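Heads up, the thing below is written out as structure tokens.
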Amino acid sequence: PLWCYSQDPSWATEIRARLGGAAELRCNALPALGHTPPGHTSTGPAPLLVVEWLRRGYNIPVLIQFGVHTPRVHPDYEGRVSLTQGSSLRIEGLRLEDEGWFECRVLQLDRPAEESRNGSWTFLSVTAPPMFVQTPPPSLEVLQGHSLSLTCTAQGNPPPTVTWKKGNTAVREVLNGTLSFAAVTRERAGEYACHASNTEGELVHSTLLRVKGPPVIVTAPEDTVLNMSQDALLQCRAEADPPNMTYVWKKGGVNVYHVDFLKSRVKILVDGTLLIHRLLPQDAGNYTCMPTNGLLTPPTASAYLTVKHPAQALPLPVETFLPTGMRGRIACPVRAEPPLLYVMWTKDGEPLDLDQFPGWTLNEEGSVLIATVNDNSMGVYACTPYNSYGSMGQSEPTVVVLLDPPTFAVAPQVEYQEEVGEELLIPCQADGEGPVDSAPRSPYNVAANGSLVLQPLSKDHQGTWECQATNRVATVSTGTQVNVLGTSPHAVASVSIVPGIDQANVTWEPGFDGGYTQKFTVWLKQGATGRQEWTSLLVPPNRSSLLVTGLLPDTSYQFSVLPQNQIGTGPFSEIVTVRTLGQYLWITPLLDRPLVWSESSNLAPPTSLSANQSLSGVVLQWAPPILQSEPIDGYILQARRNDGEWMVLERDISANTTEILVQGLLKDCNYELRMFSRRNELVGEPSLPVNISTKGMEAYPAKSHLLELVPEPLVAGVAGGVVFLCVGILLSVSMACIVRNRRKRRKRETREGMSLGPQKHCAYCSLCCPPTNQRLLSSPPPHYTASQNSTGGLPAPSTTLECISRGPDGRFILNPFDKSSSPAPEVQGDLR
């Protein structure tokens, strides 16, 4: 019969089995033994077969069976594999390494190899729950600050995932299953769980981590204020692992059990609290709690104990020595809480009245200050201090003893000049009451009598020397200048540089010339960003300054001054670094002199500008510049209207001023205001501008240069308009006056109808009229005359007044006169 077997890949199957169990791999290479394929009839006995099971990666078959003979098995599967149902492979006691591809081959010996060989593939998958391969110990101790690694690895199929948790919180410091800490802290202590899980199950391993270290203060002591005689409790509680702690308390850095006045009244309780019985004034101070368990550096916590008590006078010295003829001080050492209010003094048992001793005063500390000590200062003194709680009593007495201050029996000269290499002896001897110590203040050789010996004299000896004499009441000193001749010059001092835009003015103070004429050289170079070569400039003789020109604007330069004489070269001065100014900008042409603005002038502007309207006008406020290395001379105020050009309003605002009333603003305009700091003619950067509007303001303060903010063409136009208006008004008024006068004259001519009749002057007027009547007659008449013709015309000539006389009936009468001899009177007013 002819057997056909399919090689379709779908015949490959997968078998899953658990670790330790059994799996049966079916062989699909041939139909089951004894079975006749459809369409065929069995014509004889079953054919002889060879069944062979191979595993990928193995050179030897796992199992091979020939007929009914005993199968041959691979050593790794000895005792664990067998054939079932003629060709199926059964594997027992499954291991993880059994997982892989297996091939079944069947060979019929009665057929050619090409026709009879057949095979099928099966994949055996061995699943296993997680199983720990490496775990940390159940309990672990580590010293605080040390590093720590906890390794947890597991195996299984599928490969398990390893995670770490502390409580219910996942830990992030995990890499490939290893938990690592670079420096363990107390917060890391606790129970950690390693979780290994896959689809087959989960496994957990726990480790308790204990962190050993110094205690941690949980309750720190607090500042406490108590009255004298009360008990003090200063709490201090700590936690630690290991917990065998000891509490140590210190006062001012000294163990409380080592303080004489304190050790009998203190006790440290089990919980760390410090107990002080019946407080004394001297118990006040800083107390420090220090719990320790012997590991690393123990922590500390401090609190200040304040003891309130009446003022207490501390012990005075038995004798107080004062220098005769000099300032003196009699101190009263006091301990007081609340603070000292005043001190009462007694002298020789009687209250001390400072008004009786000119030059005696009492300072804030309660000490007696004596301007000039004399015999009045001698006596026995005692003090009694007081505060708001009262006083604890009078101090012990002290006896004031007068001693003469030291005096120089032999004093050095004001100046010494000596050649280098020679010996110089500078005498200095002092006398005075009590032991006197007189010695020059120097590290050099001093003779037994106090004289300074400089031998051999060197350049280092140049300078000022001071001799001091001291006894128990005073210290006096005298000085001398030593000039060493025949040396190179000394270094210059006080190098100062004033930078400009392209120049710098260098000045200095020459040092001692060594006895020879010295000359100077200025050395300079650009900063680190420029060229590195030093350039030297020779200074003209007898000069201690030099104007260096040809510099670059806004560039950093380093300067140093080198002195020289015929002996040699002195040391360089200190290097001074400055920066030249940037390109300048003229602020405004309206100023009397130009001001220069530069970004590198180091003049900070005012800050916090604010402008507000008030009843008087616009008030501008500001804060002085901060971090200003050099003082400024004042401020400059600028303004611009409606985004126009900046113009100067004020240029001489005092540096001590922080607000001004802004003058020169126009009505109903919007302005920007800004300020500059000024030093001499140098102006710094502008401040941030502030906006202000003058709309609705009632006051507009002005000054003499009110029109500084108005363009000149506008000023000329306004002035011309005002002048033209004034001329027009004057012309109008003049014309009105002329017209009015003409109208008045016409009215008079019209209304003067006729004139008064001619009158004669009586001959006897002067005889019959008294002087009073004569004065009346000389005044204008009370009546008027009209024109003589009805048509009008020129007024008639005025007539003279006649004498007025009283008639027989008592009435006044006017005597007539000849018409031809007298003209008509003039018109004196309008008829209305």
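Every residue, even glycine, has its Cβ placed from backbone N, Cα and C.
What TrEMBL says about a protein is an automatic prediction, not a curated fact.
Quick look at what TrEMBL lists:
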COMPBIAS  785-800  compositional bias 'Polar residues'
DOMAIN    9-120  domain 'Ig-like'
DOMAIN    130-210  domain 'Ig-like'
DOMAIN    215-306  domain 'Ig-like'
DOMAIN    310-401  domain 'Ig-like'
DOMAIN    406-483  domain 'Ig-like'
DOMAIN    488-583  domain 'Fibronectin type-III'
DOMAIN    605-697  domain 'Fibronectin type-III'
REGION    779-800  region 'Disordered'
TRANSMEM  714-739  transmembrane segment
Helix-strand-coil residue split for the domain 'Ig-like' (406-483), DSSP-based: 3 helix, 40 strand, 35 coil
Confidence summary (mean pLDDT) of the domain 'Ig-like' (406-483): 85
The domain 'Ig-like' (130-210): DSSP-derived helix, strand, coil residue counts: 3 helix, 52 strand, 26 coil
Tally of residues which DSSP labels helix, strand or coil - the domain 'Ig-like' (310-401): 6 helix, 45 strand, 41 coil
Helix, strand and coil residues within the domain 'Fibronectin type-III' (488-583) as assigned by DSSP: 0 helix, 45 strand, 51 coil
